[in-house]
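Peer 1: Would you mind keeping the following structure in view while I ask a few things?
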Amino acid sequence: MNKARQNPVNVIAAHGALILYTLIALFPVFVIVINSFKSRRDIFREPLALPDADSFSMIGYQTVLKQGDFFLYFQNSLIVTVCSLFFILLFGAMAAFALSEYRFKGNTLMGLYLALGIMIPIRIGTVAILDLMVQTGLVNTLFALILVYTAQGLPLAVFILSEFMRQVSEDLKNAGRIDGLSEYTIFFRLVLPLVRPAMATVAVFNMIPIWNDLWFPLILAPAEETKTLTLGSQVFIGQFVTDWNAVLSALSLAILPVMALYVIFSRQLIRGITSGAVK
Amino acid sequence: MKSSRIKWHVVVFLAPAVLVYTAIMIFPLFNTLRLALYTETDQVRVFVGLANFMTLFGDPRWSESFWNALGNNFWFFLVHMLVQNPIGIALAAILSHPRLRFASFYRSAIFVPTILSFVIVGFAWKLILSPIWGIAPDMLSAVGLKSLFAPWLGKEEYALTTLALISVWQFVGIPMMLIYAALLSIPEEILEAGEVDGITGLSAFWKIKLPLILPSIGIISILTFVGNFNAFDLIYAAQGALAGPDFSTDILGTFMYRTFFGFQLQLGDPHMGSAIATAMFAIILVGVCVYLFGIQTRLKRYQF
């Protein structure tokens, strides 16, 4: 190996820059979480100190869990995210299979039509989406959110999945056909298991924006019983601006599920992004 | 295969995706463009042609807000292009160093802000920058720069830039990852050929790697553009729908939200909201077209 590429000064400088940026990235999260475990007095007196026996307090968490319906919000977010991902993957994979497997009139055109939504944000159509949901009586239902996120996720899902489905061996599918399998069985039994890694990539890509979205819950489902965790914490924190313990605890509680998801899926997510899925 | 017969399985495979996508995305998109040509008088929808756009661009009360939001939006985008993408590229360049230890740890840690919701990010920074809590002023005084502190989010001249930088902090992970992937795909032989010619270190980055990753830089630019021109959440979470102080952080997303839903004394107007959405659509469409026809076709792609 060439010496110039592993000059110790360069290595130290590289680590220095990365450590500095890592600190910048993690510092705000760290400050919020440690202070959520402190008493009000210590939050202000020593904001950067870790909670110790003297300053430790769970008062903020008690307020939050008493006042806000965080379990309901969490459940709503979970239902919306899981159902949307399910439909994005199922419908997306089916359409991707049709586009990559069969030759039919308008195939390319259909592919382009479905790809339009990759670049054009669905939010532009919000006025008419709300109109539609009001007319169909879906306002303030989780189903409205699931529909919107499914539509939002489909274009990229179809695009990525059809790239991967083109690589599935033709012989395998034809062997299935000779054995008399229907096209549906070929899709569900032979093709889907083979593109599982691509499905995971699509799922992880869509999961975070859906979980974190504020716009559509605010507009389509602001009712108390349909609030998602993101909207719920926004409203809740807005009400408690002066109760620092409660605000910090609410923020920490909102960070918790996303961090848990990230720890579980970060490998998948990073592999998905770096595998060049977004070409 | 006989093409005259309808292949029903193709229809079955395509139908769910096409139906949902058409009904919830494409149809409302065009319906919004159509609604921009109507207005409501006495609870009846009346066709008024381009009158809403005349109001939006002609009536000084409206046009002032619109140009303010558009100008702010461009500044928001510019900060991302000048700060977020260069930092992302620099981090990716360092990370892609062969045999760098802890690379995957750094990658995961730097990506953490990107997974947090705007609500968390907005409030967390609001608290940290708050003069009441004093974390930011204390840290500045620790390095002897206390005089630099100002309530950045509360001052008209700083608030928008501060929010843009918060957004940069949140999203720097995305250009970092995409550029990192592009850098990894550069074959070792090319870099070694450069080394033989004496091109190493920084000059290898500028002369060999950067030209090769230009297509990826094009992609992150257009992603940044589209993302910024329909941004809303961070401003709403940190500054509220009024995008204070005195609309200095108002961007197209918050402007459309306020117009659509109303605020304080002004009633919500879906038709003016649609007109603003149409303008946003036009801006994004122009940006995407400039990218597709002006930039992407000129960038040479290298196949390895």
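The backbone N, Cα and C atoms fix where each Cβ goes, glycine too.
It should be emphasised that the depicted structure is a prediction, and the values quoted were computed from it without experimental measurement.
The following feature annotations were taken from TrEMBL:
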| type | residues | note |
| --- | --- | --- |
| TRANSMEM | A:12-34 | transmembrane segment |
| DOMAIN | A:74-265 | domain 'ABC transmembrane type-1' |
| TRANSMEM | A:78-99 | transmembrane segment |
| TRANSMEM | A:111-130 | transmembrane segment |
| TRANSMEM | A:142-165 | transmembrane segment |
| TRANSMEM | A:186-208 | transmembrane segment |
| TRANSMEM | A:246-265 | transmembrane segment |
Peer 1: Can you name the far-off residues of the same chain, 6+ from the ends of the transmembrane segment (A:142-165), with a Cβ under 8 Å from a Cβ of it?
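Peer 2: That would be 76, 79-80, 83-85, 87-89, 91-93, 95-97, 99-101, 111, 114-118, 122, 129, 133, 191, 195, 197-199, 201-202, 205-206, 210, 213, 216-217, 220-221, 226, 228, 277.
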Peer 1: Residue list, the transmembrane segment (A:111-130) vs rest of chain: Cβ under 8 Å, 6 or more residues beyond ends.
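Peer 2: For the transmembrane segment (A:111-130), the sequence-distant neighbours (Cβ-Cβ under 8 Å, at least 6 residues beyond its ends) are 95, 99, 139, 148, 151-152, 154-156, 158-159, 162, 215-216, 219-220.
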Peer 1: So, taking each listed stretch (A:12-34, A:78-99, A:246-265) in turn and counting its Cβ pairs to the transmembrane segment (A:186-208) that are under 8 angstroms, which one gives the highest count?
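Peer 2: Per the Cβ count, the answer is A:78-99.
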Peer 1: Do any residues of this chain, six or more beyond the ends of the transmembrane segment (A:246-265), have a C-beta under 8 angstroms from a C-beta of it, and if so which?
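Peer 2: Tertiary neighbours of the transmembrane segment (A:246-265) are 29, 32-33, 35-36, 43, 60-61, 63-64, 67-68, 70, 74, 77, 204, 207-208, 211-212, 229-230, 233, 236-237, 240.
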Peer 1: Going along the chain, which residues at least six beyond the ends of the transmembrane segment (A:12-34) come within the CB cut-off of under 8 Å?
Peer 2: 47-51, 248, 251-252, 255
